[in-house]
Amino acid sequence: MTTTPSAPDHQAAGGEAAEPPRIAVGVLGARGRMGTEVVKAVDAADDLELVAMVDDGDWLFNVADAGAQVVVDFTRPDVVMDNLRFCIDQGIHCVVGTTGFDEQRLATVAQWLEPKPDVGVVIAPNFGIGAVLLMRFAQEAARFFPSTEVVELHHPNKVDAPSGTAVRTARLVAAARRSAGLPPAPDATTDALPGARGADVEGIPVHAVRLTGLVAHQEVLMGAAGETLTLRHDSFDRASFMPGVLLAVREIGRRPGLTVGIESFLGL
Ligand SMILES: NC(=O)C1=CN([C@@H]2O[C@H](COP(=O)(O)OP(=O)(O)OC[C@H]3O[C@@H](n4cnc5c(N)ncnc54)[C@H](O)[C@@H]3O)[C@@H](O)[C@H]2O)C=CC1
Ligand SMILES: O=C(O)C1=N[C@H](C(=O)O)C[C@H](O)C1
């Protein structure tokens, strides 16, 4: 098992106060758009030490050999499960931003964690504080509006659609509607062209836009008689995800088991 990243300060042999040990961090997907940003952020943090950078074609054992206590994964939906399996088996805490997690995948990760009670894994569809708040606000507002639709807008190189954030937002809104006993949203149209009304996520239409010039954006549109409420979040730069990623890296050693989203790390 790796040492806990949140070990308390301790005294050096001579009685002088020693620096607390830095958390050893490995980055998976280190040459990607997000991985590059994470490498920079970890490098710049005094309490973190970048010990391994792994990308496609590199040897995953590098993170274990380098003594990583926490791994940050921003890779691809088709490889993230193998990465997680390896890291959990090695006793390495995981901070996962890669998308593609449905209930079945989450249950599998929880199962892998059972024999490793000290290991923490956080899987968050979005590490942007504003995006997390948007999801919470949408959840709060959902019961007051008969209609809700989600529009996510991203850079054209995004591998998946709709975004993980949009799917989670729609699920949270749908759950809030169910708890409040709301009927299905009124929607009298039939698609003249397939896809015109977006994807159906638990009764919430989700629309995905891909546009050169964008980074990561989301709108939640809510409508009632004579009024609408629009919640919008914009990530203009991937730096926007870093405070959430670093918070998760620092916290995960204190959070054994599986956590979905960083809401609880933010005290939400
Ligand atoms: N949770 C969040 O806040 C955010 C999540 N994302 C998600 O993160 C993921 C990555 O996004 P981007 O950085 O834009 O993609 P990207 O395509 O720029 O980067 C992915 C990197 O992973 C590497 N890779 C592929 N297979 C690998 C393997 N087996 N081991 C190690 N590295 C491997 C690729 O070579 C590439 O460098 C996507 O699922 C995206 O949706 C993106 C932004 C924010
Ligand atoms: O691929 C991206 O860029 C992003 N992916 C995440 C998602 O699918 O929700 C988070 C953010 O939207 C950026």
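Glycine is no exception: its Cβ is also placed from the backbone N, Cα and C atoms.
Remember, TrEMBL labels are computer predictions, not curated facts.
Annotated NAD(+) binding in TrEMBL involves G29, A30, R31, G32, R33, M34, G97, T98, T99, A124, P125, N126, F127 plus, out of the candidates D56, D65, D82, the residue D56.
Taking a C-beta cut-off of under 8 angstroms and a sequence separation of 6 or more, G29 (NAD(+) binding site) has the following same-chain neighbours: G35, V54, D55, D73, F74, T75, R76, T98. Taking a Cβ cut-off of under 6 Å from any atom of ligand 2, none of the binding-site residues R33, T98, A124 qualifies. In terms of C-alpha distance, the listed recorded positions K158, G164, T165 place K158 closest to R31 (NAD(+) binding site). Among the binding-site residues D56, A124, H155, T165, the residues whose Cβ lies under 6 Å from any atom of ligand 1 are, in sequence order, D56, A124. Checked against T165 ((S)-2,3,4,5-tetrahydrodipicolinate binding site), the recorded positions R33, N126, H154, K158 differ in C-alpha distance, with N126 being the nearest.
Of all the recorded positions given, namely R33, D56, H154, none has its Cα within 10 Å of the Cα of G164 ((S)-2,3,4,5-tetrahydrodipicolinate binding site).
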